[in-house]
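Asker: Positions annotated as active site, acyl-thioester intermediate by Swiss-Prot, on the basis of sequence analysis: Cys173. According to Swiss-Prot, the feature substrate binding site maps to Arg75, Gly76, Gly77, Gln78, Val79, Thr80, Tyr81, His82, Ser142, Leu143, Gly144, Gly155, Val156, Ala157. Feature annotation from Swiss-Prot assigns domain 'BPL/LPL catalytic' to 36-212. Here Swiss-Prot flags Lys139 as site 'Lowers pKa of active site Cys', drawing on sequence analysis.
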Amino acid sequence: MAAERGLPPIELHRLGRRPYVPVWQAMREFTDTRDADSPDQFWLVEHDPVFTQGQAGKAEHLLMPGDIPVVATDRGGQVTYHGPGQVVLYPLIDVRRGKLGVRELVSALEQAVIDLLAAHGVTARARPDAPGVYVGETKIASLGLRIRRGASFHGVALNVDGDLAPFQCINPCGHAGMAMTRLVDLVDDCPGCEAVALELAECLARQLGRRLTPMDTVPA
């Protein structure tokens, strides 16, 4: 857990279920127009089914997309899947103001997921060779960030109770044969996505040494 940084609270926005592209565009607009006084924000969302291809993505890792749309995006990393039953947390953080290194933010995101899973009795770990969070040899959370104008966007996606079949249509994050898992298969009493999303936001805030302020309005 990080020490309290003395920064203002992070605004917590719950977006519900949204298509990917409008949320991505809203993240970019927020990042491009924010200034030194703009609040940091966490966005919690579930996306409609979509494959997103990161800047390092290769076409050969997209095996059989079928009817699921493919979006070439500007985050780091390679291809992944988003869909209902998966909690996505986007940390829109002024990393310069917070004196936060990219590796530090990545580690905070991974540790937040690890802490959440530990609270439910699941042992998980990060891997130095493949960003994300793993339970044994299976992947439960994917991670991809972008830093622009000294601020972060994109984030982390945690599989809670969604359909994992679409992951078989890709090489997740560029790793052929990567097995995926989800929280509902690892615990006897799995919370719903909304509860897990709030837990994840709280875990990440603790890692960053920040407080959260829930917001009634959504930014996108």
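Don't overthink the numbers, they just go from 1 along the chain as shown.
Glycine residues also receive a Cβ, built from the backbone N, Cα and C atoms like all the rest.
A quick note: this is a predicted structure, and the numbers were derived from the prediction, not measured.
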Asker: So among the binding-site residues Val79, Val156, who's got the most Cβ atoms within 10 Å?
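Answerer: It comes out as Val79.
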Asker: Just how spread out is the substrate site if you go by the largest Cα to Cα distance in Å among Arg75, Gly76, Gly77, Gln78, Val79, Thr80, Tyr81, His82, Ser142, Leu143, Gly144, Gly155, Val156, Ala157?
Answerer: 15
Asker: Name the secondary structure element type, per DSSP in three states, that contains Gly77 (substrate binding site).
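Answerer: SS state of Gly77 (substrate binding site) = coil.
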Asker: Specify the secondary structure state of Lys139 (site 'Lowers pKa of active site Cys') as given by DSSP, simplified to three classes.
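Answerer: Reduced to three states, the DSSP call for Lys139 (site 'Lowers pKa of active site Cys') is strand.
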